[in-house]
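> Here you go, one structure.
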Amino acid sequence: MKRPIWKTNRHSKQNKTIEHTTPLTQKPTRTTTNVPRRPTTLSPGLKLKYNYQEILLKSMLFYEAQRSGYLPHNRRIRWRGHSALNDRSEFGEDLTGGWYDAGDHVKFGFTMASATTILLWGLVEFREAYEKTGLIKDMLDCVGNPYIDHSYWTRAEDMTMERPAFKVTKENPGSDVVAETAAALAAGAMVFNRTDRLYSTQLLQHAIQLFEFADEYRKKYSDSVPIVREFYPSSGYQDELTWAAIWLYRATGMKKYLHYAERNYRGGWVWSFSWDEKEIGSMVLLYNLTRKAKYKRDLTQILQDWLPGGTLPYTPKGLVYRSSWGVLRYAGNMAFIALLAAESGLNSTVYRYWALQQIHYILGDGGRSYVVGAGHNPPTRPHHAGSSCKVSGPCSWDDFESKGANPIVLYGAVVGGPNINDSYTDDRSDFIHNEVTCDYNAGFHSAVSGVFYLASL
């Protein structure tokens with residue numbers, strides 16, 4: 001059944017300053033650069049009270065439930081089947097695969113790439129935790145018209161609507177999405193370098209090609225592909241270019257990428273760490289790689305804003321409240337950043353304790369779990385089309401309007417979260433507080449991997 005479009009701009013913020021620098025070219029090498037690791041100890045009185053391994057595994061199940069394209073025969077999510085098998089570009093390139101962005105069946109390249117980079121970052125830094133769960137993430141490109149898809153409520157397997165693809169080119173560039181994809185591929189090259197050198201080399205080669213393209217042909221992707229403005233508008237591309245250069249330096253050891261990142265670094269105030277803003281992630285990595293005071297200063301000043309007594313409000317039960325739309329995404333992302341800053345030797349006791357508080361709020365310290373299928377009183381009606389349908393039989397807007405729990409448990413999905421007063425209504429129609437997305441889970445997932453790493457010491 002078709003309904004009117006009801007979603008609007010999800011996450012727009014301030015504009016970024018856009019500046020140009022000289023493009024880079026050079027062939028890759030096979031050196032990898034890891035950030036320094038400081039001695040790690042738990043903060044005094046830090047109580048580890050949840051099953052973090054279970055949470056990691058269930059979060060992985062959520063990403064498996066979001067898969068598009070051909071699915072493996074040994075998949076764990078048995079209610080999912082092959083879907084969107086005809087996704088093609090206008091020239092016929094195969095665009096099947098990837099993750100559906102949220103509770104609908106669109107594939108957005110920017111958020112998919114960002115979520116992949118954040119997940120791989122957690123895998124790079126806290127590999128010991130991930131080795132126990134076998135997590136590997138692939139990043140694929142964007143396909144699907146959100147205006148069409150958001151007007152349908154059905155299973156991915158039952159889609160019959162048109163699924164056009166949108167691309168960026170030299171004439172209509174998208175430096176942000178291309179650079180973020182380069183960052184994801186470079187991070188992937190680091191991860192796979194241990195187990196599949198050929199695949200790692202291919203990822204790295206493509207990462208460099210994409211970075212050069214993003215650097216030479218500059219424009220926001222949401223200006224080149226206006227249809228995405230209503231969903232994931234970009235506030236600028238300079239931060240993604242810096243971010244990608246850092247990941248290329250880490251993957252290759254080539255100093256030119258570090259020099260590029262340092263020249264492009266802008267610093268200053270940032271809104272958060274998200275699919276659209278990478279500055280604070282760059283601060284963490286640049287401080288680790290250079291130990292320069294300016295990166296430490298910028299990073300600690302921003303984190304100070306997020307701590308109690310800073311500039312951001314808190315709910316009565318202790319959740320930092322950046323935005324009503326997907327508030328838990330920002331808390332999870334910044335908890336991950338705080339853990340990484342602590343690993344760098346910065347205010348380790350304070351940052352670890354704060355990160356654990358935010359993760360524990362999501363897991364149940366706020367009075368309920370916000371992770372579907374995990375913990376006490378978890379959400380049962382997430383805004384997610386596939387899990388709202390019965391395992392068999394027709395699925396339509398009647399299922400969307402049902403007052404009952406979703407027939408299928410979408411294990412591991414993090415919902416948007418409560419309001420500023422810790423109030424949360426488990427309502428499928430409330431996509432601001434109850435939708436699930438790949439990027440909502442990414443920072444939370446990597447933060448939990450960091451906590452699990454600490455708990456395993």
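Cβ coordinates come from backbone N, Cα and C, glycine included.
Caution: TrEMBL annotation is automatic and unverified by curators.
Here's the feature list from TrEMBL:
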{"type": "ACT_SITE", "residues": "ASP426", "note": "active site"}
{"type": "ACT_SITE", "residues": "GLU435", "note": "active site"}
{"type": "COMPBIAS", "residues": "1-14", "note": "compositional bias 'Basic residues'"}
{"type": "COMPBIAS", "residues": "21-40", "note": "compositional bias 'Low complexity'"}
{"type": "DOMAIN", "residues": "52-447", "note": "domain 'Glycoside hydrolase family 9'"}
{"type": "REGION", "residues": "1-40", "note": "region 'Disordered'"}
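Would you situate these features in the structure and describe their surroundings?
In sequence order, PRO379, THR380, ARG381, ASN434 are the residues of the chain that are 6 or more apart from ASP426 (active site) and have a CB within less than 8 Å of its CB.
According to its DSSP assignment, GLU435 (active site) is in a strand.
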> Tell me the coarse DSSP state (helix, strand, coil) of ASP426 (active site).
coil
> At a 10 Å cut-off from the C-beta of GLU435 (active site), count the other C-beta atoms across all protein chains.
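Cβ-Cβ neighbours of GLU435 (active site) within 10 Å number 23.
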